[in-house]
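Q: Sharing a structure, written as structure tokens. Questions coming.
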Amino acid sequence: MTQTNQAPLVIKLGGAALSCTQTLSQLFGAIAAYQKSAQRQIAIVHGGGYLVDELMTKLQLETVKKNGLRVTPYEQIPVIAGALAGTANKLLQGQAIADGLNAVGLSLADGGLCHVEELDPELGAVGKASPGDSTLLQAVLNAGALPIISSIGLTEKGQMMNVNADQAAVAVAGALDAELVLLSDVSGVLDGKGHLIKTLSEQEADALIQGQVITDGMIVKVKAALEAANDLGRPIEVATWRYPEKLTQLFAGESIGTQFLPQ
């Protein structure tokens, strides 16, 4: 493998991909094939809300959300951390290993990768992550492994915290000085004629929201992506995992979705 001078790439994996073995296999297979010829360092950050929802239903625990964020009572965090840092992380790691990758399962707390503190007392054990020390993560990458990082973190006092996976990915990318792609069910932002918009600024997005081109759940995704770009201080990309043949282009630094520009 040849080392490139490209910045590392953090891929936040979300949406239905997490529950679809075939999709995961296509993604990990594409990473394995890409890394045989080029060594751009890649790390995965994941959530796993669907697993948590299933577990909460089985345990007859109520799921409450505030402004789209899951309320995590402190007494429930062991269960939620088990689902995310345990089951979801090992399912992804297992699939990556099956597809020929040397995968390492990590959390935001490992090696002090991210600092995490309580976001809002009303949300309970929900944390906000900020970039920390990437030394351990860099060592894993330098060893040729694929880090798969759950969005569970620890505070300075050792309290487990559930961090929104998009926000966790921003913090990891910040720690690594990496580029960030939010990979999901959505291919990017479409204009009024159904064509993909290649780049989007906050002003352009506001105009499209006013004109009702961007509507409903997409408004939340767009605002989150713009916030991520501002937090990171560099463009971030929203793209889909639905076209595996395009993933190699993405790993190489080409845009296949919509790039969100920081202010």
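Our numbering is plain: 1 for the first residue shown, then up by one each step along the chain.
Any Cβ shown, glycine's included, is placed from N, Cα and C.
What Swiss-Prot shows for this protein is this:
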BINDING   Gly48, Gly49, Arg70, Asn162  substrate binding site
SITE      Lys12  site 'Transition state stabilizer'
SITE      Lys221  site 'Transition state stabilizer'
Q: Can you name the residues of this chain that are 6 or more positions from Lys221 (site 'Transition state stabilizer') yet have a C-beta less than 8 Å from its C-beta?
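A: Counting only residues 6 or more apart in sequence, the Cβ neighbours of Lys221 (site 'Transition state stabilizer') under 8 Å are Ser184, Val186, Val238.
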Q: Gly48, Gly49: which of these binding-site residues has the sparsest Cβ neighbourhood within 10 Å?
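A: Gly49, out of the binding-site residues Gly48, Gly49, has the fewest neighbouring Cβ atoms within 10 Å.
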Q: Among all protein chains shown, how many Cβ atoms are found within 10 Å of the Cβ of Lys12 (site 'Transition state stabilizer'), not counting that one?
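A: Within a 10 Å radius of the Cβ of Lys12 (site 'Transition state stabilizer') lie 27 other Cβ atoms.
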Q: Using the CB centroid of Gly48, Gly49, Arg70, Asn162 as the substrate site centre, which other residues of the same chain sit with their CB within 8 A?
A: Gly47, Val52, Thr72, Ile80, Ala83, Leu84, Ser151, Ala165
Q: Can you tell me the CA-to-CA distance separating Gly48 (substrate binding site) and Lys12 (site 'Transition state stabilizer'), as a whole number of Å?
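A: Between the Cα atoms of Gly48 (substrate binding site) and Lys12 (site 'Transition state stabilizer'), the distance comes to 11 Å.
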Q: Which one is it, among the binding-site residues Gly49, Arg70, Asn162, that lies nearest to Lys12 (site 'Transition state stabilizer') by Cα separation?
A: Gly49
Q: Give the number of CB atoms, excluding that of Asn162 (substrate binding site) itself, located within 10 Å of its CB.
A: 31
Q: Based on DSSP, name the secondary structure state of Gly48 (substrate binding site): helix, strand or coil.
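A: Looking at the DSSP assignment, Gly48 (substrate binding site) belongs to neither helix nor strand, so coil.
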